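First up is the structure itself, then whatever we jot down about it.
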């Protein structure tokens, strides 16, 4: 078998520098030398390993869920350039057969840019004949690697694989969520995606009858996600809340400052989408956690224009330092979700 020579990462357009910085930190920590190729506004980054065999041997040390800005991470070969127009399939199949013996499924993808989306008609047309030709490599079962073909143009592509338990479960790393008609704002999709990304035990972590606090709740997009799961919610905001949420019987609206409010007793969930300096939000969440005021928290950090990766790591440090001083066991993750913009979403779980 051939070792993958690179790591392909999808990201939000404009965040290539941050995505490149964190994959360099992660690979260096694993003792994997290489360099990155990151073109501004391309919506993808490539880490090129200097020694592919070391990348293959140490790939298990590179956890996808530890990355912040990557939507998807693919162990890849390539790029395959100048694919013959009359036979793109053969070189792609040869490369796929060299990387893995069997795959569970096939995803043809492009970058999340307007320019790359012009390839959509080509990939739709190409998918059926390529899948038919690759049938002998597919059908490896749900735990087999996924086969990805990432088209740069109609004649150039990266080909690689992801492992189902260490990757995003959606093509292009993008969950296709539909805005519910009754939701008060589009921000509701951020919390829905956050639950999909961070909550690995929904039957126990998002049970009906749980309690929550939503800081900066108005007009109620995040509260709506809690109410639809029958979670009793205290919505804290000086602004107006969607009347339908109040009619649900599950919401108490408090017109007060989200930074001053504290619940009289611990709640199951804290969610926070207040527009404020990221370090101030991080300290607020750390204060609640140090007091044992919640079990789980989802919060957004609005990022500055510059040094965005460094700012997230600074906020991570603020939370980690405070909880370490209090002896609070926890799990902390960050991810720039598809429905995030100039922000990242944090998830904090207190471990008893």
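A Cβ is built for glycine as well, from the same backbone N, Cα and C atoms used for every other residue.
Given the structure is predicted, the values throughout are model-derived calculations rather than measurements.
The active site, proton acceptor annotation in Swiss-Prot covers 302 and rests on sequence analysis. The secondary structure of residue 302 (active site, proton acceptor), as reduced to three states from DSSP, is extended strand.
Annotation for residue 219 (S-adenosyl-L-methionine binding site): same-chain Cβ neighbours under 8 Å, separated by at least 6 residues, are 184, 185, 239, 240, 241, 242. The feature S-adenosyl-L-methionine binding site is assigned by Swiss-Prot to 187, 218, 219, 220, 221, 237, 257, 273, with sequence analysis given as support.
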Greatest C-beta neighbour count within 10 angstroms, which of the binding-site residues 220, 221: 220
Integer Å distance between the CA atoms belonging to residue 302 (active site, proton acceptor) and residue 257 (S-adenosyl-L-methionine binding site): 18
Rounded inter-Cα distance in Å - residue 220 (S-adenosyl-L-methionine binding site), residue 302 (active site, proton acceptor): 19
From 187, 218, 221, 237: binding-site residues whose CA lies within 10 A of residue 302 (active site, proton acceptor): none
Three-class DSSP secondary structure - residue 221 (S-adenosyl-L-methionine binding site): helix
